[in-house]
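Quick look at what TrEMBL lists:
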type: REPEAT; residues: 75-107; note: repeat 'ANK'
type: REPEAT; residues: 108-132; note: repeat 'ANK'
type: REPEAT; residues: 170-202; note: repeat 'ANK'
type: REPEAT; residues: 269-301; note: repeat 'ANK'
type: REPEAT; residues: 335-367; note: repeat 'ANK'
type: REPEAT; residues: 368-400; note: repeat 'ANK'
type: REPEAT; residues: 453-485; note: repeat 'ANK'
type: REPEAT; residues: 552-584; note: repeat 'ANK'
type: REPEAT; residues: 585-617; note: repeat 'ANK'
type: REPEAT; residues: 651-683; note: repeat 'ANK'
type: REPEAT; residues: 684-716; note: repeat 'ANK'
type: REPEAT; residues: 717-749; note: repeat 'ANK'
């Protein structure tokens, strides 16, 4: 009820258009093929959202497009339930006419009728009950008699079926219906015939709850006289006293309290009856509850007092009653919000004035360090900002992130508020610090952005693309080249977010393109990383260096390739970005594209002159990387551009060595067909067959043997492929090598045979194979 701005929770364009009632946009999205039943994180469809918002035309269009009228959200809410809850009569009618099932309960057992009864939406209740007599959900005859106060019919029905507690599909007894319609005669009849005065359906609503909500004193007395449980609780833990207080029934409150109703009973959210009365702006009820010694500063689970509630709802007369009775004006909610924070957030001027007259603190801070001025600035409430400043609020007070109200207004894009703050001596280049998170999601988090220490209001406005605010701040001498601790200028931020107009304004005001972050990134690097081609184009037009090297040597082209931003790659190479540029490790953009299997990017680079044989500091070529990563199409592309299939790195490893190491037989086949040597040896004398045997890939071993690999080739220390296989315990490969002529008696330079190695390492199955073919005279 009193939460801050809700996060998007997975809302898409259709959800938002449905909520706001933009029929044309809804139709356009549907026509363009948007998925009709896409749900938010809470499981709500567009029809749920339109029904909740009472957007009748949108509901009609969604239903016409085949929306599921009985779809349930994660907690079981249907569109009909939401419409009934919010008293949208025409939407309820429309949904019922299109097959909505009113007997579907929520997880807590509430049906549309139950929630309408609880909320006091009489017209919706009547529609649901009446529709039940003619639609798919028919009411039992006794319920209809109870609704009509038809005692004669009810008596006859009870003679035929003596059960007075027969349930409707929505979970209510006839006594519930009689209580709702204030039909005393039939209620007395039902009770006389044994109706359970405390019958509790799944949702927990008793007849006394309903009577208390309706405010019928005689019905309440009748039920109490017949033993109604005065402290009965619904699934949401509302007592009858909560219901009476919320609906403003002073006389019922008095009766309930005189019968011992628990004055401080709490709902699931910790709301007491006095909170309910404050929410409903029922001043006489609050006065009465206080006369019975209700706690004036009673708190909910979130530590909200009745005064917080009144401030949230804008009930200034209620707030005055509470303050006059001694309510604390500076009571803090769990998140630190005072009633003044809430009044400022909700733009309730009269409540704010009243609170200030009762000594509400301008310096009170939330858990995130927000003052009321921070809140009003973020929300864009200019009149409240003016009054707070006139009352002495500081325009440069900072929160836990050391953010000022100007930061908040700049982030939210409130130009008039920012201008007024600047006119009142707000520091235009105030620097913030990164927030230390100490708790759950807060109001601060919901307006938060990814930022760094020492961000200025100009950084905030630039990130959000608020170009008018950017202009305003620059006109007030904001430094366009101010850096965060990570070295980001406002231009870096605008480049990252793709805000072309903002970037243009900053450049016009002498923002420097050569400024580098701590990682050595220019704004062009940043635009390249995030694929912001329009910003990159602007920066290049303004003479950005397309070959500027970052901290470890990467150019914007390296960055664009690494993040697979093809359009930026094309732009950079067309504007002088060198495909030959190398980072500190010697990698060119083509190395990166080859390693990441980016065929289109690689093709673009090769078309612009990139060499397929360029070597890194370790002698690695793009073909080495493509082969090692198992990218057959990339391997073929590079070979078609004259990549040398036999080029070894500094250790002598060829692409075929790397392929055998990774077990990519298909790529090995491509390489061999294009001339790769199966005899190539590294500096230590290892052939591809040695590698395959070491790593235990029998398919690769078979492939190499089929292509005449030397089964008895030796490394510098005399190891044959058989030694390698034995050393790793690969029995199947040992057997295969022997079948292809491997010499079991070959020894290393130290005189060690394959069998000796197997014995030393304890590979029993390998020993069993080798001892049959190895001469006994060979030293082991």
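The backbone N, Cα and C atoms fix where each Cβ goes, and this holds for glycine too.
Predicted automatically and left uncurated, TrEMBL annotations should be read as such.
Residue counts for the repeat 'ANK' (651-683) under DSSP, helix first, then strand, then coil, are 17 helix, 0 strand, 16 coil.
Mapped onto DSSP helix, strand and coil, the repeat 'ANK' (170-202) counts 16 helix, 0 strand, 17 coil.
In terms of DSSP secondary structure, the repeat 'ANK' (269-301) contains 16 helix, 0 strand, 17 coil.
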